[in-house]
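Chemist: Take this structure, written in structure tokens, and hold onto it; I'll ask about it next.
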């Protein structure tokens, strides 16, 4: 990410190291030719706006239409975008402030800024996340703190301290009790919103290690039992939240993993990497596991494995999201584009271009059919997509 990037051994006996190259993989998915140009694409496979265009993959049947709905200009790089659970609002994080917009009108409804912080230097908000009930917004950034904002009253309800380096990612559990955080200090932490207690999940890698292994992204599984984390060391780790046990270490990317997202049914995990690819990991074996009365994990039905590779971006994949119905996977990249992928086949359906800099963050509305993008060009955009 221009100007605002994350600074460029095996697990314990209880964990499983999974290599993405093991087992059969499906045939290469249909992607755009490397030399494709807008003016050479047939009219039925492209759509142009005033300052954007969409290309639809000529190798597969077109089933989507997309439109730009709103453009929200900011005073700095937009580091993160996130919809509320009902899809009515969009939060963005930039330098010193988090902002909330009405997703339907594009109008700004709220600005959250901690007036007690010194105005000297930059303080980028790297992650924002609404509580499931929509009352609170969690923000995390470069001062190592997590702030929980009461949105209606515009005040800080809680401040969680403990991380020793900047915070890059936050995610609420669906019941709203826990919030996961990922930091450059190599830890994922689970904070209890009720009593403020914290559980530290370590990478089981010595701090003296030369490997750069900061946590870039966290995601809590839909059933609330697991948290997945992407790391600069190119691996994805999954912990059982109640036991703090590392249960999976997924290896397959050739470079840092910048974003992870669970599918709505919890059976799949998507990872996006600086190696320019996305991977789909089948983690359905975790659904049959639980914690016995002794506290030990029950045996998994099957190990997790990479079952699909998504190839097509020309530069780093910085963000990934999955649609509410699990049909689409969307990725944002340093190549300035967002791509819609068919989750069932891995084929790219659409390539969307409009931002003038890296797409640092994306999110799909839980209400469906709306995409948000945040970019280094100091803009956040809201797009609609529909099946045709």
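Each Cβ is built from the backbone N, Cα and C atoms, and glycine gets one as well.
Straight from TrEMBL, here's the annotation block:
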- 1-17: compositional bias 'Polar residues' (COMPBIAS)
- 1-24: region 'Disordered' (REGION)
- 125-151: repeat 'WD' (REPEAT)
- 160-201: repeat 'WD' (REPEAT)
- 215-249: repeat 'WD' (REPEAT)
- 250-284: repeat 'WD' (REPEAT)
- 310-342: repeat 'WD' (REPEAT)
- 352-388: repeat 'WD' (REPEAT)
Chemist: Restricting to the same chain and to residues at least six past its boundaries, which positions have a Cβ under 8 Å from a Cβ of the repeat 'WD' (125-151)?
Modeler: 79-86, 88-89, 91-98, 100, 110, 112, 114, 117, 157-161, 163-172, 174-176, 179, 181, 183, 191, 193
Chemist: State, in range form, which of 160-201, 310-342, 352-388 has the highest count of Cβ pairs under 8 Å to the repeat 'WD' (250-284).
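Modeler: Of the candidates 160-201, 310-342, 352-388, 310-342 scores highest.
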Chemist: So which residues does the repeat 'WD' (310-342) touch in its own chain, when a touch means Cβ under 8 Å and the partner is 6 or more beyond its ends?
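Modeler: Hits for the repeat 'WD' (310-342): 1, 28-29, 31-32, 60, 64, 66, 258-265, 268, 270-280, 348-353, 355-368, 371, 373, 375, 385.
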Chemist: Note the mean pLDDT of the repeat 'WD' (310-342), expressed as a whole number.
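Modeler: Computed over the repeat 'WD' (310-342), the mean pLDDT is 98 on the 0 to 100 scale.
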Chemist: Within the repeat 'WD' (352-388), count helix residues (DSSP H, G, I), strand residues (E, B) and coil residues, in that order.
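Modeler: Helix, strand, coil within the repeat 'WD' (352-388): 0 helix, 23 strand, 14 coil.
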